[in-house]
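**Student:** According to TrEMBL, the record shows the following:
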type: DOMAIN; residues: B:36-552; note: domain 'Cytochrome oxidase subunit I profile'
type: TRANSMEM; residues: B:12-35; note: transmembrane segment
type: TRANSMEM; residues: B:56-76; note: transmembrane segment
type: TRANSMEM; residues: B:96-123; note: transmembrane segment
type: TRANSMEM; residues: B:135-156; note: transmembrane segment
type: TRANSMEM; residues: B:183-207; note: transmembrane segment
type: TRANSMEM; residues: B:227-249; note: transmembrane segment
type: TRANSMEM; residues: B:269-292; note: transmembrane segment
type: TRANSMEM; residues: B:304-328; note: transmembrane segment
type: TRANSMEM; residues: B:374-398; note: transmembrane segment
type: TRANSMEM; residues: B:410-430; note: transmembrane segment
type: TRANSMEM; residues: B:491-512; note: transmembrane segment
type: TRANSMEM; residues: B:585-618; note: transmembrane segment
């Protein structure tokens, strides 16, 4: 396998740079997926029938904490990749671990919010509005959950093997994924929560 | 749930199907054990990551699905052959036209196209394999899982019965209470994930794995069409993923997306479905155009006329394909402005398509045409497809469409585009590339017999349907009375269907006959072709090319043969190949259990198999497999053997 020393390790072989390029295309497909979900949400947002609407349902405090955690985790995963490029294994693992912990915190608050919604009588089958809300948030949350499991397995591999072509590549791709989830959340925060509260 | 609800009961034909499924399964198991082929099957096929073998598995599955979808078609034509026929009841007829559509589009046309892409594209660009070989195997097994799940619905639980477009509210739990549409959402979802991964894989392969000198505008036209199709897949399939997920939530978890109450909107489904569904039509037709471009150029002994305009027209078609979806439901009341817009975009598609038709005609002009079987299919395609295209423009006019909408005219139209477009193309491609993969041609005499049966019978089957449609016969009617006067034309159509079936039987017999009797090729280029895939030997070695090709222009092999521009001017070097893996097929199996459990809302098996999916994925991530390296000596030995030299 040819290793190109002029590039960062994660781009170090042809296979690695193909994987990163492929993942960008996958993120393109993910954008198509979330755009469709947002469209569905916008189409159905005012069709809340006899159930609650967004203004009645949403509360800002939890959402702000979620936003704070997820945006910070995007920062720490950036620091993790930066440490990786400097070849610092321990700081990389700490920042990577912090990222996952904040992801877990985000998920905890989101699940609590879901319970509150259900408690207030807004289940997935209450109205078209609540269906689209739960599925949009749930798809994002499922991505975060999958990301936490995936990230944990990468962290374990970095711990065992150190920085290799494979682990550096995986860590970098994971950071792309994590930033993407952050971008989606910014749209959810702006167009679901803030707009709903107005 | 009781057992008599689990299995479909009360239909002699379905009991027959059950018995034949059990018998075929036993026969396969006994046969494999008797001939001691389990190890061979596992090592050489089930665990393979070789793009050629995966391609062959796709094509075999597609042929089996063609048979299944064909039987559905024969039953439909038989049922409507005479008025008041009692062969099938309404429910059974509904299930059959639904599965016919699903299987032919998603489990026959798509895998056939993807199979040919798998075999041909890496060879045409001079690559060793696709960019992500193991992902490619996962794609195949997910497709296969989806196909098996949908076919199982026939005997267990009941097939989907709301049409292949599954419009709501008809497809909702309220009006389709069987598990049929659960199968629909899950089988399509699982195979759709596989297709999306294929799309990504081929985009990366074509953009990043080309041999030195193979610039984008030097790529063979089939590779171009595969690239554009892959891009459409990457952006259209996520919409299907969402639509199917929402359908599953509505049916299994009680959400209100497409319901009639609590704010649900049934037309949302129709929009989402066709935002994917119309690009899907171009996903199956563009590679077909690519196949015809290769075949027509090869058998006219000329380079493809208007290469650049071919590429541009495909790009334009791919963009327009996302802007025409509402023409599938002009009559559902979205107003004159919207209909006008979609009417214009739809008609606009005929312009780039027309450009392509003229390019093929000009490619043949003054060419030395040889009438081989693949060329015959390509020649038949042009006029028949044009009839399909012209009737398509008729349907595109929104105001006129109020007359044709959901009549047999529409059925005739889309069979006139899809059969000469896609089916003729994959059969032509099958005959054309068969010697590349297996090292011998299909018998030409039998091939031509099959062609004439198929081409003529196709017209006998579907041309009468245009008139039936104009007379007012709607699609999906399971029977009609004698007073309607639909009888005679339907009977003619049934006769045509019998001819089509006979043509396909000859085609299958030809495969058997050729395996036994066809003379083996000694050289990798039996058709005197133009592109790089014919530059390596047939059958193809695992590493494709002993020496990485060096491309100096379009039609690389033709230039090598006639303008003395050598392709292989490098040295043999050790080649790195990915090693086999059993995990993709295991992943497919786990997905099957997961899908099946969700269909019946068996939560505990669904959760267990859902966790199992994550475990298989994690174990793939932890694999530290670096593949195998083929040494120079091994390559030389293989090359000698392929050239027929004694060691």
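Positions of Cβ are set from backbone N, Cα and C atoms, glycine also.
Note that the structure is a prediction, hence the values are computed from the model and not measured.
Map these features onto the structure and tell me what's around them.
**Tutor:** Per-residue pLDDT, averaged along the domain 'Cytochrome oxidase subunit I profile' (B:36-552), amounts to 94 for this model.
A Cβ distance under 8 Å defines the sequence-distant neighbours of the transmembrane segment (B:12-35), meaning residues of its chain 6+ beyond its ends; these are 41, 92, 154-155.
Using a Cβ-Cβ cut-off under 8 Å and counting only residues 6 or more beyond its ends in the same chain, the transmembrane segment (B:56-76) has close neighbours at 45, 48, 87-88, 93, 96-97, 99-100, 103-104, 107-109, 111-112, 114-116, 118-119, 140, 143-144, 147, 151, 426, 430, 437, 497-498, 500-501, 504, 508.
Within its own chain, the transmembrane segment (B:96-123) is flanked in space by residues 51-52, 54-59, 61-63, 65-66, 68-69, 72-73, 75-76, 88, 129-130, 136, 139, 143, 146-147, 150-151, 153-154, 159-166, 180, 184, 188, 191, 195, 198, 202, 205-206, 209, 222-223, 226, 229, 280, 283-284, 287-288, 291, 418, 422-423, 426, 429-430, 433, 436-437, 476, 532-533, 536, 540, 544, which lie at least six positions past its ends and keep a Cβ under 8 Å from the stretch.
Sequence-remote contacts of a segment are chain residues at least 6 beyond its ends whose Cβ falls under 8 Å from one of its Cβ atoms, and for the transmembrane segment (B:135-156) they are 6-8, 14, 17-18, 21, 47-49, 51, 54, 57-58, 61, 65, 68, 95, 99, 102-103, 106-107, 110-111, 114, 118, 179-180, 183-184, 186-195, 197-198, 201, 581, 584-585, 587-589, 591-592, 595-596, 599.
Sequence-distant contacts of the transmembrane segment (B:374-398) (same chain, at least 6 residues past either end, Cβ-Cβ under 8 Å): 292, 295-296, 299, 327, 330, 336, 339-340, 342-343, 346-347, 350, 353-354, 357, 360-361, 404, 409-410, 412-421, 424-425, 427-429, 431-432, 448, 451, 455, 458-459, 466.
Counting only same-chain residues 6+ beyond the ends of the transmembrane segment (B:410-430), those with a CB under 8 A from a CB of the stretch are 59, 62, 104-105, 109, 112-113, 116, 120, 281, 284-285, 287-289, 291-292, 295, 373-375, 377-378, 380-381, 384-385, 387-389, 391-392, 394-395, 404, 454-455, 458, 461-463, 465-466, 468-469, 475, 507.
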**Student:** Is the number of Cβ-Cβ pairs under 8 Å between the transmembrane segment (B:304-328) and the transmembrane segment (B:183-207) three or more, considering only pairs separated by 6 or more positions?
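**Tutor:** They are not in contact.
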**Student:** Considering only Cβ pairs under 8 Å, which range in B:183-207, B:227-249, B:269-292 makes the most contacts with the transmembrane segment (B:585-618)?
**Tutor:** B:183-207
